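Report on the structure given below.
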Amino acid sequence: MTEQSTDERARIRAAIDRLLAGRPTASDGALTVVALAAEAGVHRMALQKRHADLKHEFYERVRIETKQPPESEKRLRKTVSDLKETVAAQKAEITALRHQVTQLALANAVLTRQGHNLSESSAEAPANVVPLHPKGE
C-alpha cells in the first residue's frame, strides 16, 4: 500500500468513528457513503473503488452500533415498497380494463345484431315507407 492510500484509510476509519459517535466535523452527519467521503476528505469514488472494504465495514458497523439499516438501505426499501404499491394498483387497473373490454365487445355484438335485424326488417317495409339510404349506396 502506498503512503497516500494508508493515509486515506486512516482518515476514513477516523471519519467512521466520528459519524457513528454523532460528532461529524465536515459533513451533515448522515450515515451514508457520501457523508463518510465528505467527513474523511476523500472522493466518494475512492470509497467505492479503492476502499470498498471500508465502505462495507462502515455499513456493517452502522447496522450493529445503531441497530438500524443504513440510509441507503432505508431508501431502497422505501422505493421497493412504493413500486410494489404501484404494481398492485396497475394490476387492479388491468383487471378492470379487461373486464371493460369484455363488456364492450358484448355490447358491440348486441348492437351489430340489432343493426342487422333493423336492416332486414327495413327490407320488408310497407310500400309507403321510403328508405333513407337506398340499397346499393
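Backbone N, Cα and C atoms are what each Cβ position is placed from, and that goes for glycine too.
Residue ranges 73-100, 101-128 are listed, and TrEMBL annotates 73-100 among them as coiled coil. Among residues of the same chain six or more beyond the coiled coil (73-100), those with a C-beta under 8 A of the stretch's C-beta atoms are 59.
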